[in-house]
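Over in Swiss-Prot, the protein carries these features:
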| type | residues | note |
| --- | --- | --- |
| BINDING | C82 | (2R,3E)-phycocyanobilin 1 binding site |
| BINDING | C153 | (2R,3E)-phycocyanobilin 2 binding site |
| MOD_RES | N72 | N4-methylasparagine |
Amino acid sequence: MLDAFAKVVAQADARGEFLSNVQLDGLSAMVADGNKRLDAVNAINSNASSIVTSAARALFAEQPQLIQPGGNAYTNRRMAACLRDMEIILRYVSYAAIAGDSSVLDDRCLNGLKETYQALGTPGASVAAGVQKMKEAAIAVANDSSNVTVGDCSALMAEIASYFDRAAAAVA
């Protein structure tokens with residue numbers, strides 16, 4: 001964001017002019033979008049535990065074989081690993097959302113994750129379903145009008161949803 005401000009100021013300075021109303025309006029819109037983004041990510045981060053918990057409950061209600069003897073989330077150790085992985089994916093989705101770019105999610109979280117799950121015998125479709133459940137919970141929290149700066153947040157919510165979709169597709 002500071003780069004955009006610096007660029008606009010440098011351009012005006014090079015021309016020896018004050019910032020124009022169009023430039024100021026553009027910067028103002030960028031700040032408003034940034035505030036919405038900060039609010040949405042703050043809401044997700046503040047509710048991360050409940051997002052992961054509700055997604056896991058929904059997943060295990062839908063796929064009870066995962067928590068039955070022989071299931072991939074059976075035993076406390078495996079359940080803890082499952083919840084940890086869901087939390088890590090949520091954390092990297094929040095990084096992507098604040099940056100407005102999926103590269104941190106791709107590079108540091110998703111790259112090689114499918115192969116890791118395959119090597120461990122973890123069903124990718126179940127992981128993807130869990131990610132989709134997290135998406136539903138996170139979007140509900142982030143889109144709550146008491147958590148986000150007033151204004152249309154549909155594009156931001158669609159962007160955040162796309163990061164979850166990207167994560168689900170990477171492990172499926």
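Cβ atoms are placed via backbone N, Cα and C, with glycine included.
C153 ((2R,3E)-phycocyanobilin 2 binding site) carries neither a helix nor a strand DSSP state and counts as coil.
Cα to Cα, C153 ((2R,3E)-phycocyanobilin 2 binding site) and the residue listed as '(2R,3E)-phycocyanobilin 1 binding site' are separated by 31 Å.
Neighbour count (other Cβ atoms within 10 Å of the Cβ, all protein chains): 21 for C153 ((2R,3E)-phycocyanobilin 2 binding site). Secondary structure at N72 (N4-methylasparagine), as computed by DSSP, is coil. It is 9 Å from the Cα atom of the residue listed as 'N4-methylasparagine' to that of the residue listed as '(2R,3E)-phycocyanobilin 1 binding site'. Residues near C82 ((2R,3E)-phycocyanobilin 1 binding site) in space but far in sequence (CB under 8 A, at least 6 apart, same chain), listed by position: A56, N72, A73, G130.
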